[in-house]
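According to Swiss-Prot, the protein has these features:
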- 1-107: region 'Disordered' (REGION)
- 1-203: topological domain 'Cytoplasmic' (TOPO_DOM)
- 225-243: topological domain 'Extracellular' (TOPO_DOM)
- 265-282: topological domain 'Cytoplasmic' (TOPO_DOM)
- 304-312: topological domain 'Extracellular' (TOPO_DOM)
- 334-342: topological domain 'Cytoplasmic' (TOPO_DOM)
- 364-394: topological domain 'Extracellular' (TOPO_DOM)
- 204-224: transmembrane segment (TRANSMEM)
- 244-264: transmembrane segment (TRANSMEM)
- 283-303: transmembrane segment (TRANSMEM)
- 313-333: transmembrane segment (TRANSMEM)
- 343-363: transmembrane segment (TRANSMEM)
Amino acid sequence: MTEQETLALLEVKRSDSPEKSSPQALVPNGRQPEGEGGAESPGAESLRVGSSAGSPTAIEGAEDGLDSTVSEAATLPWGTGPQPSAPFPDPPGWRDIEPEPPESEPLTKLEELPEDDANLLPEKAARAFVPIDLQCIERQPQEDLIVRCEAGEGECRTFMPPRVTHPDPTERKWAEAVVRPPGCSCGGCGSCGDREWLRAVASVGAALILFPCLLYGAYAFLPFDVPRLPTMSSRLIYTLRCGVFATFPIVLGILVYGLSLLCFSALRPFGEPRREVEIHRRYVAQSVQLFILYFFNLAVLSTYLPQDTLKLLPLLTGLFAVSRLIYWLTFAVGRSFRGFGYGLTFLPLLSMLMWNLYYMFVVEPERMLTATESRLDYPDHARSASDYRPRPWG
């Protein structure tokens, strides 16, 4: 730009700054802004005077630069508002307009909150923090489960969450494993339970049939005799000595139970029980209980048996030991026919109890609570016991 163009621009800026009272619109190239009375602005007159001395090309370049400068000056921020020296004129008829009442602005969040909560975080900062609801952490009580009954079928169903009602394939397998016991292929219809019940009953029935047969066969065909035991004390001592052999399966079970505790690292007394350890523990506990009941009745039976039938004492002792070993084996395998081994122990115990009660109340009631010798061991009393049976009614 030449010196004349620079001077023209400075004069335009000086003249526009005090006279601008409203934002000016953009003026296209080649047009001049018109005033209210149609008179041109003094800045434009000076521009024309200054540019008339130059060449035509310079005049056209000056006009283009002036138009672009005026358009840029109209968009500047300091020219958009009214200047304090030139107040904005009031529009005509503004006094006829009634002022509208000011709308009540809604209270902000900080104004609505009480004074105690005035030190809360701002809204934007509070979005970064997620409040913790204790009700979401606590487990829902059992009373919250919704139980509905279908009107048609009349069956009550407990509605569970959708994740439980439609489990994943892995969860479905676990659910089926819990509902259906291992080795059950009936699909949960209940036929496997009936089969297990039938097997248990059949095994106990087989023990009921074989128990007297085994006892009679051993009594008749085993070649050994019992020594002469005329006194009650000698019979009790003989019975207790026979009971030592019956403790063999119990002691063996205790040893295996201790080894299982060491092998499976289940030394914690209140830890989670394991199947390999619980099998032997239950066997030992049950065997000790049956041993006490079995030999208590066997000792009482030895005081009532005649001399010829004292051979039953060692036979019943051996039957107890064998039956306990059979039960232990079948219980460890997990078969339902373990009732056979249990029946070989419980049925002789029940038979001895019935025999003792029969002798105490029917055959020899006078010796129920005394320690006298049995009259069945003497030759003169070798006759039938019915000849000497006292009647309670006389």
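Just so you know, glycine gets a Cβ as well, placed from its N, Cα and C.
For the topological domain 'Extracellular' (304-312), the residues of the chain that approach it from at least six positions outside its boundaries are 215, 219, 224-226, 228-230, 235, 238, 355-356, 359-360, 363-364, 374, 376-377, judged by C-beta separation under 8 angstroms. Helix, strand and coil residue tallies for the topological domain 'Cytoplasmic' (334-342), in that order: 7 helix, 0 strand, 2 coil [DSSP].
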